[in-house]
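TrEMBL annotations:
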type	residues	note
DOMAIN	28-172	domain 'Lactate/malate dehydrogenase N-terminal'
BINDING	Gly34, Ala35, Ala36, Gly37, Gly38, Ile39, Gly40, Asp60, Asn121, Ile144, Ser145, Asn146, Met253	NAD(+) binding site
BINDING	Arg108, Arg114, Asn146, Arg180	substrate binding site
DOMAIN	174-338	domain 'Lactate/malate dehydrogenase C-terminal'
ACT_SITE	His204	active site, proton acceptor
Amino acid sequence: MFAARQATSSVFGAVQRRAFSASAANATKVAVLGAAGGIGQPLSLLLKLNPRVSELALYDIKGAPGVAADISHINTKSVVKGYEASAEGIKECLSGAEIVLIPAGVPRKPGMTRDDLFNTNASIVRDLAKAAAESSPDANILIISNPVNSTVPITAEVFKKAGVYNPKRLFGVTTLDVVRASRFISQLKSTDPANENITVIGGHSGATIVPLLSQSGYTLEGAERDEYVKRVQFGGDEVVQAKGGAGSATLSMAMAGARFAESLLKAAQGQKGVIEPTFVDSPLYKDQGVTYFASNVELGPNGVEKIHPVGKLTEHEQSLLEVCLKDLKGNIEKGEKFAKDNL
Ligand SMILES: NC(=O)C1=CN([C@@H]2O[C@H](COP(=O)(O)OP(=O)(O)OC[C@H]3O[C@@H](n4cnc5c(N)ncnc54)[C@H](O)[C@@H]3O)[C@@H](O)[C@H]2O)C=CC1
Ligand SMILES: O=C([O-])CC(=O)C(=O)O
């Protein structure tokens, strides 16, 4: 127990320890779809270490019962169950879930963009979203599967068609961009990365990822600034290249997904002022036809509590935002068109 709790607290901080006693009163079922994958396994492990989770439901087209059996031996209180791939299996997995994390789908290989995953992952996400709309319509749905800029709109359209869409409960997980932006600035400034929290807005691919250093009081100039921005925007490619065909970021993504789920749970369990950047149905740039956008979002018991505006930008950040909005609009429309043609 001690080791498990220590591992959790080193990831999520002291707040986690304070929450331990409060957690008993909160029965929270969390489901992971794609739980046997590169992200799914470590994500499920981190969720098992989270005392706010009382039940962990794992689903995959293959291997979920094995992952569940393994994780279930960890000596934390939550109950873990793995489900076989079947209509009944996914229904039971989702039923009663408060949070549904979806990392199901194929990852990139070197030379591919996230958009190159669209043809495979769009229908995987559509089908899982259909199951969620049916069996857990009130859950918070956290989309990890790429391309997030398109898979989130697809999920929204599925929920709309089923008559259960709640924009406050659908999230594209962009936390890894914040994690990277924070880590990379700490390397340049020799600060403790755990104390950095760089706001990242826009979406989750290439030029749609816009880090806002100025809002954390940092100024980088010239080549150093451009290299930093490029590294944040293409951090995913760095991992894809390094893995040489064996997939994309899994471990850092698992940490980021677990952190976002933890933030939602904290907010659901009454903590105020929980803020995470995330890709949501957003009013900020709707007048420019960009219907989903990642910015700082205050979370609450009902999911999205308040979408913060992006705030003051430097001229350079403004120019990045303009490129972002153009790309993002295309990615969103692509997802919506797929839904229109395939639902
Ligand atoms: N949002 C983000 O920041 C990030 C997103 N990703 C994305 O996450 C996705 C998963 O990546 P990995 O875990 O590395 O891939 P992976 O291939 O290791 O695992 C994917 C899992 O999904 C399962 N799966 C496939 N179709 C399914 C279905 N219909 N129902 C249930 N499970 C299904 C597979 O059996 C596999 O176990 C990729 O699309 C990747 O691009 C990856 C890193 C960061
Ligand atoms: O780069 C990829 O394909 C996976 C991903 O989204 C990331 O690592 O940010």
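Just so it is clear, glycine is given a Cβ too, placed from its N, Cα and C backbone atoms.
TrEMBL: automatically predicted annotations, no manual curation.
Predicted, not measured: the structure shown is a model, and the values here were computed from it.
His204 (active site, proton acceptor) is surrounded by 28 other CB atoms, counting those within 10 A of its CB over all protein chains shown. Listed in sequence order, the binding-site residues among Gly34, Ala36, Gly38, Asn121, Ser145, Arg180 whose CB lies under 6 angstroms from an atom of ligand 2 come out as none at all. The recorded positions recorded for this entry are Arg108, Arg114, Asn146, Arg180, His204, and the Cα of Asn146 lies nearest to that of Asn121 (NAD(+) binding site). Contacts of Arg108 (substrate binding site) defined by a Cβ separation under 8 A and a same-chain sequence distance of 6+ are given as Arg114, Asp116, Leu117, Asn146, Gly236, Val240, Gly247, Ser248, in order along the sequence. Around the Cβ of Met253 (NAD(+) binding site), the same chain contributes Ile39, Leu43, Pro103, Ile144, Leu176, each under 8 angstroms and 6 or more positions distant in sequence. Confidence across the domain 'Lactate/malate dehydrogenase C-terminal' (174-338), taken as the mean pLDDT and rounded to a whole number, stands at 97. It is Asn121, among the binding-site residues Asn121, Ser145, Asn146, whose Cβ has the fewest other Cβ atoms within 10 Å in the structure shown. As a summary of secondary structure, the domain 'Lactate/malate dehydrogenase N-terminal' (28-172) carries 64 helix, 26 strand, 55 coil according to DSSP.
When the Cα of Arg180 (substrate binding site) is compared against those of the recorded positions Gly34, Ala36, Gly40, Ser145, His204, the shortest separation belongs to His204.
Less than 6 Å separates the Cβ from ligand 1 in the case of Ser145, Asn146, Met253, drawn from the binding-site residues Ser145, Asn146, Arg180, Met253 in sequence order. In this structure the residues listed as binding substrate are Arg108, Arg114, Asn146, Arg180; their two most distant Cα atoms lie 18 Å apart. Note: the CA-CA distance between Gly38 (NAD(+) binding site) and the residue listed as 'active site, proton acceptor' rounds to 19 Å. A distance of 11 Å separates the Cα atom of Ser145 (NAD(+) binding site) from that of the residue listed as 'active site, proton acceptor'.
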